[in-house]
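To start, the structure itself, in C-alpha coordinates.
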Amino acid sequence: MNIFVVNSGSSSIKYQLFRWPAQQPVCSGLVERIGYPNATITHKVFTAADAPQETRRTLALPDHEAGLREVVALLTDAAHGVLRDPAEVEVVGHRVVHGGESFAATTQINEEVKAEIRRLFALAPLHNPANLLGIDVAERIFPRARQIAVFDTAFHQTLPEHAFRYALPEQLYTEERVRVYGFHGTSHQYVAQQAATYLGQPDARLVTLHLGNGCSAAAVHAGRCLDTSMGFGPLTGLVMGTRTGDLDPSVVLHLMGQLGYSAEQISTLLNKESGMLGLTGLSDMRDITRALEQGDARATLAYDLYAYRIRKYIGAYAAALGGLDAVVFTAGVGENDALVRRKACEGLAFLGIELEEQENQQRRPGIREISKPGARVKVLVVPTNEELEIARQCAALLAG
Ligand SMILES: Nc1ncnc2c1ncn2[C@@H]1O[C@H](COP(=O)(O)OP(=O)(O)O)[C@@H](O)[C@H]1O
Ligand SMILES: CC(=O)OP(=O)(O)O
Ligand SMILES: [Mg+2]
(Lines of atoms letter the chains of each structure in order from A; the text may use other names.)
(Lines give C-alpha, C1' and ligand atoms only; values in the text may rest on other atoms or scores of the structure.)
(Ligands and ions follow the chains in the order given, each with its own letter.)
Protein backbone atom coordinates (compact mmCIF):
# COMPACT_ATOMS: atom_id res chain seq x y z
CA MET A 1 0.00 0.00 0.00
CA ASN A 2 1.22 3.55 -0.78
CA ILE A 3 0.47 6.19 1.86
CA PHE A 4 1.11 9.81 0.91
CA VAL A 5 1.28 12.24 3.84
CA VAL A 6 0.78 15.99 3.54
CA ASN A 7 1.84 18.21 6.46
CA SER A 8 0.95 21.84 5.87
CA GLY A 9 2.58 24.08 8.45
CA SER A 10 2.11 27.83 8.59
CA SER A 11 5.19 28.51 6.45
CA SER A 12 5.92 25.16 4.89
CA ILE A 13 4.58 21.99 3.35
CA LYS A 14 6.25 18.72 4.21
CA TYR A 15 5.35 15.49 2.47
CA GLN A 16 6.38 11.86 2.41
CA LEU A 17 5.35 8.84 0.42
CA PHE A 18 5.56 5.53 2.32
CA ARG A 19 5.28 1.90 1.28
CA TRP A 20 3.25 0.15 3.94
CA PRO A 21 3.49 -2.08 5.99
CA ALA A 22 7.27 -1.83 5.46
CA GLN A 23 7.07 1.80 6.76
CA GLN A 24 9.60 2.52 4.05
CA PRO A 25 9.86 6.13 2.84
CA VAL A 26 9.96 6.30 -0.97
CA CYS A 27 10.40 10.05 -1.19
CA SER A 28 10.08 13.05 1.03
CA GLY A 29 10.18 16.76 0.57
CA LEU A 30 9.94 20.17 2.03
CA VAL A 31 8.51 23.35 0.55
CA GLU A 32 9.80 26.32 2.54
CA ARG A 33 9.27 30.08 2.67
CA ILE A 34 5.80 29.90 1.12
CA GLY A 35 4.64 33.44 0.43
CA TYR A 36 8.15 34.71 -0.34
CA PRO A 37 9.67 35.20 -3.81
CA ASN A 38 12.50 32.78 -2.95
CA ALA A 39 10.53 29.72 -1.85
CA THR A 40 12.42 26.44 -2.15
CA ILE A 41 11.38 22.86 -2.77
CA THR A 42 13.73 20.12 -1.69
CA HIS A 43 12.64 16.72 -2.97
CA LYS A 44 14.47 13.52 -1.92
CA VAL A 45 14.05 10.11 -3.49
CA PHE A 46 15.25 7.15 -1.42
CA THR A 47 16.79 4.22 -3.19
CA ALA A 48 17.79 0.99 -1.49
CA ALA A 49 21.56 1.30 -1.73
CA ASP A 50 22.65 4.89 -2.28
CA ALA A 51 22.28 8.19 -0.52
CA PRO A 52 18.95 9.85 -1.40
CA GLN A 53 18.79 11.68 -4.75
CA GLU A 54 18.04 15.28 -4.02
CA THR A 55 16.42 17.86 -6.31
CA ARG A 56 16.24 21.50 -5.20
CA ARG A 57 14.33 24.32 -6.83
CA THR A 58 13.99 27.98 -5.89
CA LEU A 59 10.88 29.71 -7.16
CA ALA A 60 8.14 32.16 -6.19
CA LEU A 61 5.26 30.40 -4.44
CA PRO A 62 2.47 32.79 -3.47
CA ASP A 63 0.50 30.26 -1.43
CA HIS A 64 0.05 26.64 -0.31
CA GLU A 65 -1.95 25.72 -3.43
CA ALA A 66 0.92 26.72 -5.73
CA GLY A 67 3.26 24.73 -3.48
CA LEU A 68 1.13 21.57 -3.61
CA ARG A 69 0.86 21.74 -7.37
CA GLU A 70 4.67 21.78 -7.66
CA VAL A 71 4.90 18.82 -5.29
CA VAL A 72 2.53 16.70 -7.37
CA ALA A 73 4.42 17.64 -10.55
CA LEU A 74 7.62 16.36 -8.87
CA LEU A 75 5.97 13.11 -7.72
CA THR A 76 5.02 12.20 -11.28
CA ASP A 77 8.01 13.87 -13.00
CA ALA A 78 9.64 11.68 -15.68
CA ALA A 79 13.17 12.15 -14.25
CA HIS A 80 12.67 12.42 -10.46
CA GLY A 81 9.16 11.00 -10.09
CA VAL A 82 8.25 7.98 -7.99
CA LEU A 83 4.74 7.42 -9.34
CA ARG A 84 3.68 6.64 -12.89
CA ASP A 85 0.13 7.45 -12.04
CA PRO A 86 -1.38 9.23 -9.01
CA ALA A 87 -3.85 6.30 -8.84
CA GLU A 88 -1.00 4.27 -7.25
CA VAL A 89 -1.62 6.19 -4.01
CA GLU A 90 -4.24 4.37 -1.91
CA VAL A 91 -4.22 6.55 1.20
CA VAL A 92 -3.55 10.25 1.72
CA GLY A 93 -2.91 11.22 5.34
CA HIS A 94 -3.45 14.90 6.14
CA ARG A 95 -2.18 16.84 9.11
CA VAL A 96 -5.09 18.95 10.32
CA VAL A 97 -4.21 21.43 13.02
CA HIS A 98 -7.52 22.13 14.78
CA GLY A 99 -10.00 19.32 15.38
CA GLY A 100 -11.92 21.05 18.18
CA GLU A 101 -13.74 18.69 20.52
CA SER A 102 -15.37 16.82 17.63
CA PHE A 103 -12.26 14.90 16.64
CA ALA A 104 -10.26 13.27 19.35
CA ALA A 105 -8.96 10.61 16.98
CA THR A 106 -7.82 9.94 13.42
CA THR A 107 -10.82 10.25 11.09
CA GLN A 108 -11.73 9.33 7.54
CA ILE A 109 -12.56 12.56 5.72
CA ASN A 110 -16.05 13.19 4.36
CA GLU A 111 -18.06 16.34 3.68
CA GLU A 112 -19.09 16.61 7.33
CA VAL A 113 -15.48 16.45 8.50
CA LYS A 114 -14.51 19.11 5.97
CA ALA A 115 -17.33 21.36 7.18
CA GLU A 116 -16.05 21.05 10.76
CA ILE A 117 -12.47 21.86 9.67
CA ARG A 118 -13.89 24.93 7.94
CA ARG A 119 -15.93 25.91 11.01
CA LEU A 120 -12.65 26.02 12.95
CA PHE A 121 -10.90 28.40 10.48
CA ALA A 122 -11.18 31.37 12.83
CA LEU A 123 -9.42 29.47 15.62
CA ALA A 124 -6.46 28.38 13.50
CA PRO A 125 -6.34 30.92 10.68
CA LEU A 126 -2.78 30.12 9.58
CA HIS A 127 -3.42 26.38 9.41
CA ASN A 128 -6.94 25.01 8.95
CA PRO A 129 -7.46 26.89 5.64
CA ALA A 130 -4.18 25.46 4.30
CA ASN A 131 -5.10 22.00 5.62
CA LEU A 132 -8.53 22.05 3.96
CA LEU A 133 -6.98 23.29 0.73
CA GLY A 134 -4.56 20.36 0.89
CA ILE A 135 -7.52 17.99 1.25
CA ASP A 136 -9.39 19.56 -1.70
CA VAL A 137 -6.32 19.45 -3.93
CA ALA A 138 -5.54 15.85 -2.88
CA GLU A 139 -9.12 14.73 -3.58
CA ARG A 140 -8.75 16.03 -7.12
CA ILE A 141 -5.30 14.58 -7.70
CA PHE A 142 -5.86 11.25 -5.93
CA PRO A 143 -9.59 10.65 -6.48
CA ARG A 144 -9.41 6.92 -5.67
CA ALA A 145 -7.45 7.29 -2.43
CA ARG A 146 -8.93 7.32 1.05
CA GLN A 147 -8.37 10.73 2.59
CA ILE A 148 -7.65 10.59 6.33
CA ALA A 149 -7.19 13.44 8.83
CA VAL A 150 -4.81 13.27 11.79
CA PHE A 151 -5.39 16.14 14.19
CA ASP A 152 -2.72 18.15 16.06
CA THR A 153 -5.19 18.39 18.94
CA ALA A 154 -5.69 14.63 19.42
CA PHE A 155 -2.68 13.84 21.66
CA HIS A 156 -3.74 16.57 24.10
CA GLN A 157 -7.15 15.07 24.77
CA THR A 158 -5.63 13.39 27.87
CA LEU A 159 -5.13 16.75 29.62
CA PRO A 160 -6.79 16.73 33.04
CA GLU A 161 -9.67 19.15 33.44
CA HIS A 162 -7.71 21.46 35.75
CA ALA A 163 -5.23 21.92 32.88
CA PHE A 164 -7.65 22.23 29.97
CA ARG A 165 -10.26 24.53 31.55
CA TYR A 166 -9.95 28.32 31.68
CA ALA A 167 -11.14 30.25 34.72
CA LEU A 168 -14.14 31.58 32.79
CA PRO A 169 -17.85 31.17 33.50
CA GLU A 170 -18.67 27.47 33.19
CA GLN A 171 -21.19 27.96 30.40
CA LEU A 172 -18.46 29.12 28.03
CA TYR A 173 -17.03 25.64 28.33
CA THR A 174 -20.21 23.59 28.45
CA GLU A 175 -21.99 25.44 25.63
CA GLU A 176 -19.24 27.07 23.60
CA ARG A 177 -16.42 24.54 24.14
CA VAL A 178 -13.98 27.29 25.12
CA ARG A 179 -11.06 25.31 26.57
CA VAL A 180 -7.40 24.44 25.98
CA TYR A 181 -7.04 22.17 22.95
CA GLY A 182 -3.27 22.20 22.39
CA PHE A 183 -1.43 21.67 19.09
CA HIS A 184 1.60 19.96 17.51
CA GLY A 185 0.26 16.81 19.22
CA THR A 186 1.52 14.43 16.54
CA SER A 187 5.02 15.80 16.98
CA HIS A 188 4.95 15.81 20.80
CA GLN A 189 3.64 12.24 20.77
CA TYR A 190 6.29 11.06 18.30
CA VAL A 191 9.30 12.64 20.03
CA ALA A 192 8.06 11.67 23.51
CA GLN A 193 7.86 8.06 22.41
CA GLN A 194 11.28 8.21 20.74
CA ALA A 195 12.79 9.77 23.86
CA ALA A 196 11.22 7.23 26.23
CA THR A 197 12.54 4.40 24.06
CA TYR A 198 16.00 6.00 23.90
CA LEU A 199 16.04 6.42 27.70
CA GLY A 200 14.65 2.90 28.21
CA GLN A 201 12.09 4.50 30.50
CA PRO A 202 8.47 4.09 29.40
CA ASP A 203 7.25 6.12 32.42
CA ALA A 204 9.64 9.05 31.79
CA ARG A 205 8.64 12.58 32.82
CA LEU A 206 9.41 14.76 29.82
CA VAL A 207 9.17 18.34 28.71
CA THR A 208 8.97 18.27 24.92
CA LEU A 209 9.69 21.53 23.08
CA HIS A 210 8.44 21.77 19.52
CA LEU A 211 10.21 24.85 18.15
CA GLY A 212 9.31 25.39 14.49
CA ASN A 213 7.64 28.38 12.97
CA GLY A 214 4.90 27.66 15.49
CA CYS A 215 6.26 26.69 18.92
CA SER A 216 4.80 24.77 21.83
CA ALA A 217 5.83 22.93 24.98
CA ALA A 218 4.21 19.82 26.44
CA ALA A 219 4.48 18.04 29.79
CA VAL A 220 4.37 14.30 29.14
CA HIS A 221 4.35 11.52 31.76
CA ALA A 222 4.40 7.86 30.69
CA GLY A 223 3.31 8.83 27.18
CA ARG A 224 0.30 10.86 28.36
CA CYS A 225 0.14 14.59 27.90
CA LEU A 226 -0.59 16.48 31.14
CA ASP A 227 -0.25 20.07 29.96
CA THR A 228 0.66 22.09 26.89
CA SER A 229 1.39 25.72 26.14
CA MET A 230 -0.94 26.41 23.22
CA GLY A 231 -4.60 26.81 24.09
CA PHE A 232 -7.94 27.43 22.42
CA GLY A 233 -6.01 28.28 19.24
CA PRO A 234 -2.30 27.96 18.33
CA LEU A 235 -1.44 31.41 19.68
CA THR A 236 -0.49 31.24 23.36
CA GLY A 237 2.61 30.03 25.14
CA LEU A 238 6.03 30.31 23.55
CA VAL A 239 7.16 33.14 21.26
CA MET A 240 6.87 32.07 17.60
CA GLY A 241 7.92 33.19 14.12
CA THR A 242 4.97 35.55 13.67
CA ARG A 243 2.76 34.84 16.74
CA THR A 244 2.91 36.48 20.16
CA GLY A 245 2.66 33.52 22.49
CA ASP A 246 1.44 34.51 25.98
CA LEU A 247 -0.10 37.97 26.07
CA ASP A 248 -2.24 39.73 28.65
CA PRO A 249 -5.78 40.05 27.18
CA SER A 250 -5.76 43.63 28.52
CA VAL A 251 -3.56 44.47 25.53
CA VAL A 252 -6.30 43.26 23.17
CA LEU A 253 -8.91 45.26 25.09
CA HIS A 254 -6.73 48.34 24.86
CA LEU A 255 -6.16 47.89 21.11
CA MET A 256 -9.89 47.49 20.50
CA GLY A 257 -11.20 50.04 22.99
CA GLN A 258 -8.61 52.82 22.72
CA LEU A 259 -6.89 52.34 19.36
CA GLY A 260 -9.85 51.24 17.24
CA TYR A 261 -8.59 47.84 16.08
CA SER A 262 -11.21 45.53 14.57
CA ALA A 263 -11.33 41.81 15.45
CA GLU A 264 -9.82 41.01 12.08
CA GLN A 265 -6.96 43.48 12.55
CA ILE A 266 -6.28 41.97 15.98
CA SER A 267 -6.18 38.48 14.46
CA THR A 268 -3.72 39.61 11.77
CA LEU A 269 -1.59 41.41 14.35
CA LEU A 270 -1.38 38.49 16.79
CA ASN A 271 -1.03 35.72 14.20
CA LYS A 272 0.97 37.25 11.39
CA GLU A 273 2.79 40.39 12.52
CA SER A 274 4.05 39.57 16.00
CA GLY A 275 6.52 37.11 17.54
CA MET A 276 10.04 37.24 16.14
CA LEU A 277 8.78 39.15 13.08
CA GLY A 278 7.31 41.88 15.27
CA LEU A 279 10.44 42.10 17.39
CA THR A 280 13.03 42.05 14.59
CA GLY A 281 11.32 42.49 11.21
CA LEU A 282 12.35 38.88 10.38
CA SER A 283 10.49 35.63 11.05
CA ASP A 284 12.89 32.95 9.83
CA MET A 285 15.29 31.98 12.60
CA ARG A 286 18.18 31.56 10.15
CA ASP A 287 17.80 35.20 9.09
CA ILE A 288 17.58 36.30 12.74
CA THR A 289 20.76 34.35 13.55
CA ARG A 290 22.57 36.23 10.77
CA ALA A 291 21.32 39.55 12.17
CA LEU A 292 22.44 38.50 15.65
CA GLU A 293 25.92 37.63 14.35
CA GLN A 294 26.13 41.11 12.86
CA GLY A 295 25.45 42.56 16.30
CA ASP A 296 21.81 43.62 15.71
CA ALA A 297 20.41 44.69 19.09
CA ARG A 298 16.82 43.80 18.19
CA ALA A 299 17.85 40.28 17.23
CA THR A 300 19.72 39.93 20.55
CA LEU A 301 16.66 40.98 22.54
CA ALA A 302 14.37 38.73 20.49
CA TYR A 303 16.62 35.70 21.13
CA ASP A 304 16.66 36.45 24.86
CA LEU A 305 12.89 36.88 25.01
CA TYR A 306 12.32 33.68 22.98
CA ALA A 307 14.65 31.63 25.18
CA TYR A 308 13.42 33.13 28.47
CA ARG A 309 9.85 32.11 27.64
CA ILE A 310 11.00 28.53 26.98
CA ARG A 311 12.93 28.51 30.27
CA LYS A 312 9.82 29.57 32.19
CA TYR A 313 7.80 26.74 30.66
CA ILE A 314 10.49 24.17 31.48
CA GLY A 315 10.28 25.28 35.12
CA ALA A 316 6.48 25.31 35.14
CA TYR A 317 6.23 21.85 33.59
CA ALA A 318 8.87 20.37 35.90
CA ALA A 319 6.45 21.43 38.66
CA ALA A 320 3.38 20.11 36.80
CA LEU A 321 5.12 16.74 36.35
CA GLY A 322 6.47 16.62 39.91
CA GLY A 323 9.97 15.92 38.56
CA LEU A 324 11.81 15.69 35.31
CA ASP A 325 13.78 12.99 33.48
CA ALA A 326 14.48 14.76 30.19
CA VAL A 327 13.98 17.90 28.13
CA VAL A 328 13.49 17.21 24.43
CA PHE A 329 14.15 19.76 21.67
CA THR A 330 12.57 19.22 18.27
CA ALA A 331 11.39 20.83 14.95
CA GLY A 332 13.20 23.32 12.69
CA VAL A 333 14.63 25.57 15.42
CA GLY A 334 14.82 22.98 18.22
CA GLU A 335 16.80 20.54 16.06
CA ASN A 336 19.12 23.09 14.46
CA ASP A 337 19.65 26.14 16.63
CA ALA A 338 22.31 25.49 19.27
CA LEU A 339 22.12 29.04 20.62
CA VAL A 340 18.40 28.76 21.37
CA ARG A 341 19.03 25.47 23.20
CA ARG A 342 21.89 26.98 25.20
CA LYS A 343 19.98 30.09 26.20
CA ALA A 344 16.82 28.11 27.02
CA CYS A 345 18.76 25.84 29.42
CA GLU A 346 20.83 28.59 31.04
CA GLY A 347 20.51 28.88 34.80
CA LEU A 348 18.59 25.63 35.17
CA ALA A 349 21.34 23.64 36.90
CA PHE A 350 19.24 23.80 40.10
CA LEU A 351 16.72 21.55 38.29
CA GLY A 352 19.49 19.19 37.14
CA ILE A 353 19.63 20.62 33.60
CA GLU A 354 23.23 21.17 32.42
CA LEU A 355 24.30 21.32 28.79
CA GLU A 356 27.51 19.91 27.36
CA GLU A 357 28.20 22.79 24.98
CA GLN A 358 30.43 20.81 22.63
CA GLU A 359 27.71 18.22 22.10
CA ASN A 360 25.13 20.99 21.75
CA GLN A 361 27.11 22.41 18.82
CA GLN A 362 27.31 19.07 16.97
CA ARG A 363 25.23 18.45 13.85
CA ARG A 364 24.57 14.75 13.56
CA PRO A 365 21.43 13.03 12.32
CA GLY A 366 19.33 11.00 14.74
CA ILE A 367 18.76 11.38 18.50
CA ARG A 368 21.51 13.31 20.30
CA GLU A 369 22.19 13.65 24.01
CA ILE A 370 23.50 17.15 24.71
CA SER A 371 23.49 17.21 28.53
CA LYS A 372 26.60 16.82 30.67
CA PRO A 373 27.35 13.16 31.41
CA GLY A 374 25.90 12.42 34.84
CA ALA A 375 23.49 15.38 34.83
CA ARG A 376 20.26 14.57 36.68
CA VAL A 377 18.10 15.52 33.68
CA LYS A 378 18.97 14.44 30.15
CA VAL A 379 18.68 17.02 27.41
CA LEU A 380 17.94 15.44 24.04
CA VAL A 381 17.61 16.60 20.46
CA VAL A 382 15.05 14.30 18.82
CA PRO A 383 14.24 14.88 15.14
CA THR A 384 10.48 14.91 14.73
CA ASN A 385 8.76 12.94 12.01
CA GLU A 386 5.15 14.04 11.96
CA GLU A 387 4.69 12.39 8.56
CA LEU A 388 5.69 8.92 9.78
CA GLU A 389 3.46 9.28 12.84
CA ILE A 390 0.56 10.37 10.60
CA ALA A 391 1.12 7.38 8.31
CA ARG A 392 1.14 5.06 11.35
CA GLN A 393 -2.12 6.50 12.59
CA CYS A 394 -3.71 6.14 9.13
CA ALA A 395 -2.60 2.50 8.95
CA ALA A 396 -3.94 1.89 12.48
CA LEU A 397 -7.33 3.36 11.52
CA LEU A 398 -7.54 1.14 8.42
CA ALA A 399 -6.53 -1.94 10.42
CA GLY A 400 -9.51 -1.18 12.67
N1 LIG B 1 19.68 25.30 10.38
C2 LIG B 1 18.78 26.03 11.03
N3 LIG B 1 19.14 26.87 12.03
C4 LIG B 1 18.24 27.63 12.69
N5 LIG B 1 16.93 27.58 12.42
C6 LIG B 1 16.50 26.75 11.46
C7 LIG B 1 17.39 25.93 10.71
N8 LIG B 1 16.67 25.21 9.83
C9 LIG B 1 15.38 25.59 10.00
N10 LIG B 1 15.29 26.51 10.97
C11 LIG B 1 14.10 27.23 11.43
O12 LIG B 1 13.01 26.37 11.67
C13 LIG B 1 11.80 27.10 11.46
C14 LIG B 1 10.83 26.23 10.68
O15 LIG B 1 10.64 25.06 11.38
P16 LIG B 1 9.59 23.96 10.90
O17 LIG B 1 9.53 22.94 11.98
O18 LIG B 1 9.94 23.50 9.55
O19 LIG B 1 8.30 24.88 10.88
P20 LIG B 1 6.80 24.73 10.44
O21 LIG B 1 6.51 23.25 10.36
O22 LIG B 1 6.07 25.39 11.53
O23 LIG B 1 6.65 25.43 9.14
C24 LIG B 1 12.17 28.39 10.76
O25 LIG B 1 12.15 29.47 11.68
C26 LIG B 1 13.61 28.14 10.34
O27 LIG B 1 14.37 29.30 10.31
C1 LIG C 1 0.07 24.48 15.14
C2 LIG C 1 1.27 25.15 14.54
O3 LIG C 1 1.66 26.18 15.00
O4 LIG C 1 1.86 24.53 13.50
P5 LIG C 1 3.19 24.99 12.71
O6 LIG C 1 4.26 25.06 13.72
O7 LIG C 1 3.44 23.89 11.72
O8 LIG C 1 2.91 26.31 12.11
MG1 LIG D 1 5.47 22.16 11.64
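Backbone N, Cα and C atoms are what each Cβ position is placed from, and that goes for glycine too.
Long-range neighbours of N7 (Mg(2+) binding site) (same chain, six or more residues apart, CB within less than 8 Å of its CB): I13, K14, Y15, R95, E386, E387, I390. TrEMBL lists N7, E386 with the feature Mg(2+) binding site.
In sequence order, G9, S10, S11, S12, M240, G241, T242, S283, G332 are the residues near N213 (ATP binding site), counting only same-chain partners six or more apart with C-beta under 8 A. TrEMBL lists K14, H210, L211, G212, N213, G214, D284, M285, R286, G332, V333, G334, E335, N336 with the feature ATP binding site.
Per TrEMBL, substrate binding site is recorded for R95. Mapped onto three states, the DSSP output places R95 (substrate binding site) in strand. Of all Cβ atoms in the shown protein chains, 26 besides its own fall within 10 Å of the Cβ of R95 (substrate binding site).
In the three-state DSSP reading, D152 (active site, proton donor/acceptor) counts as coil. The Cβ of D152 (active site, proton donor/acceptor) lies under 8 Å from the Cβ of R95, V96, V97, H98, G99, H127, G182, F183, H184, G185, T186, P234, each of which sits 6+ residues away along the same chain. The active site, proton donor/acceptor feature in TrEMBL is assigned to D152.
Look at TrEMBL and you will find H184 (among others) tagged as site 'Transition state stabilizer'. Cβ-based neighbour count (10 Å, all protein chains) for H184 (site 'Transition state stabilizer') stands at 34.
Sequence annotations record features per position, and here TrEMBL assigns site 'Transition state stabilizer' to R243 (among others). Annotation for R243 (site 'Transition state stabilizer'): same-chain Cβ neighbours under 8 Å, separated by at least 6 residues, are L126, G214, P234, L235, L270, N271, S274, G275.
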Let me make sure I understand the structure: which of the binding-site residues listed (K14, R286) has the fewest other Cβ atoms within 10 A of its Cβ?
R286
For ligand 2, which among the recorded positions K14, R95, R243, D284, R286, V333 have a CB under 6 Å from it?
none
Of all the binding-site residues given, D284, E386, which has the fewest Cβ neighbours within 10 Å once its own Cβ is left out?
D284
Consider only the recorded positions H184, D284, R286, V333, E335: which of them have a Cβ under 6 Å from an atom of ligand 1? Write none if no residue does.
D284, R286, V333
Could you find out if DSSP has V333 (ATP binding site) as helix, strand or coil?
helix
According to DSSP, which kind of secondary structure is R286 (ATP binding site) found in, if we only use helix, strand and coil?
helix
